[in-house]
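Visitor: Questions regarding the structure given below will be posed in turn.
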């Protein structure tokens with residue numbers, strides 16, 4: 001009798017995706033982050049669902065409903081902090097996942113890569129709207145500043161901003177619609193993840209060498225299920241250390257003050273995972289130029305396959321490309337730091353230099369270095 005997991009219509013899909021899936025035998029721990037992102041998404045949906053049971057999307061009661069969750073709901077404080085810090089874990093895994101794709105040349109799997117970029121934008125939109133919901137000072141002013149950026153669009157900008165606000169300022173209508181979108185988007189993300197995996201399983205995974213691995217495949221279970229489980233334990237350890245020892249480490253103290261349209265906080269800044277893009281936005285004096293640079297800072301990932309000039313897919317045997325990759329990583333850390341600093345000397349000029357370097361590295365320097373390495377292969 002044939003095994004039920006290979007015959008049952010539903011279990012057959014699960015089997016071909018997670019059990020009998022042929023996987024390269026040499027994929028390293030950098031390949032763990034896909035499954036960790038899946039775990040983060042599950043954690044966020046579950047904790048978010050419980051938070052939504054007690055939260056009220058109304059300007060008069062939103063802030064107090066979050067306080068009520070933390071003080072009066074059984075284990076409400078831990079659910080709230082797992083959700084808030086879970087978002088940080090989500091983005092940490094996302095950035096490493098994208099970085100892994102760049103380093104090992106996974107962007108050559110263009111369908112998977114492009115769906116991944118759409119996923120990145122969707123997750124960023126979800127996180128932004130989620131940050132508005134507690135209706136603290138930084139929630140309100142963050143929503144005001146970021147939505148206002150759309151007014152830079154010629155001709156239709158102002159109308160578009162008022163349409164998103166549902167009025168002439170960020171108010172009850174804005175909060176209600178942001179809650180609705182924040183609730184529905186994770187399910188759209190889940191659907192996109194399935195498409196992401198569908199395209200990945202069409203081609204099979206890349207591996208650290210960047211070579212074809214058809215001649216040397218192993219079943220996903222038990223090898224990579226156990227490996228992913230170990231990665232998950234490390235993720236949960238890090239998350240719970242953050243939640244139980246310093247839950248407000250990555251948050252902003254201003255968000256413990258209820259939203260007040262009459263008082264502007266001294267430094268309006270988003271959560272840490274948006275700071276690099278925020279620094280690029282601020283480094284350009286022109287509003288429309290800043291918005292375009294902000295969008296391009298992520299959208300630039302889509303043209304990576306076109307910028308590939310190397311004969312080797314992975315950076316493993318390309319030391320100069322490795323140096324450029326880690327320079328880019330350091331540049332992103334610099335941009336993240338600058339995004340959290342006030343707009344004054346010397347932070348402005350550092351931000352501008354780091355922004356120019358960011359685009360230069362991806363568009364000019366890295367493809368040029370790859371060409372030089374190609375010529376070095378002939379020597």
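Glycine residues also receive a Cβ, built from the backbone N, Cα and C atoms like all the rest.
Heads up, here are the entries from Swiss-Prot:
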{"type": "BINDING", "residues": "83, 182", "note": "heme b b562 binding site"}
{"type": "BINDING", "residues": "97, 196", "note": "heme b b566 binding site"}
{"type": "BINDING", "residues": "201", "note": "ubiquinone binding site"}
{"type": "TRANSMEM", "residues": "33-53", "note": "transmembrane segment"}
{"type": "TRANSMEM", "residues": "77-98", "note": "transmembrane segment"}
{"type": "TRANSMEM", "residues": "113-133", "note": "transmembrane segment"}
{"type": "TRANSMEM", "residues": "178-198", "note": "transmembrane segment"}
{"type": "TRANSMEM", "residues": "226-246", "note": "transmembrane segment"}
{"type": "TRANSMEM", "residues": "288-308", "note": "transmembrane segment"}
{"type": "TRANSMEM", "residues": "320-340", "note": "transmembrane segment"}
{"type": "TRANSMEM", "residues": "347-367", "note": "transmembrane segment"}
Visitor: Can you tell me the three-state DSSP label for residue 196 (heme b b566 binding site)?
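Guide: Its secondary structure by DSSP: helix.
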Visitor: Measure from the Cα of residue 182 (heme b b562 binding site) to the Cα of every one of the binding-site residues 97, 196, 201, then give the nearest.
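Guide: It is 196, whose Cα lies nearest.
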Visitor: Counting across all protein chains shown, how many other Cβ atoms sit within 10 Å of the Cβ of residue 97 (heme b b566 binding site)?
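Guide: A 10 Å sphere around the Cβ of residue 97 (heme b b566 binding site) contains 20 other Cβ atoms.
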Visitor: Ranking 33-53, 113-133, 226-246, 288-308, 320-340 by the number of C-beta pairs under 8 Å to the transmembrane segment (178-198), which range is first?
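Guide: Checked against 33-53, 113-133, 226-246, 288-308, 320-340; highest Cβ contact count belongs to 113-133.
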Visitor: Quickly jot the same-chain residues contacting the transmembrane segment (320-340) by Cβ under 8 Å, restricted to those at least six beyond its ends, or write none.
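Guide: Same-chain contacts beyond the flanks: 95, 99, 102-103, 269-270, 272, 274-280, 282, 310, 347, 350-351, 354-355, 357-358, 361-362, 365-366, 369-370, 372-373.
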Visitor: Across all chains shown, how many C-beta atoms besides its own are within 10 angstroms of the C-beta of residue 182 (heme b b562 binding site)?
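Guide: Around the Cβ of residue 182 (heme b b562 binding site), 21 other Cβ atoms lie within 10 Å.
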Visitor: Going along the chain, which residues at least six beyond the ends of the transmembrane segment (113-133) come within the CB cut-off of under 8 Å?
Guide: 55, 57, 62, 66, 87, 90-91, 94, 97-98, 101, 106-107, 139-140, 142-143, 146, 174-175, 178-179, 181-182, 185-186, 188-189, 192-193, 195-196, 199, 270-271, 273-274, 298-299, 301-302, 304-305
Visitor: Cα-Cα separation of residue 196 (heme b b566 binding site) and residue 83 (heme b b562 binding site), in Å?
Guide: 24
Visitor: As a test of the contact definition, list every same-chain residue at least 6 positions from residue 201 (ubiquinone binding site) whose Cβ is closer than 8 Å to its Cβ.
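Guide: Counting only residues 6 or more apart in sequence, the Cβ neighbours of residue 201 (ubiquinone binding site) under 8 Å are 16, 17, 21.
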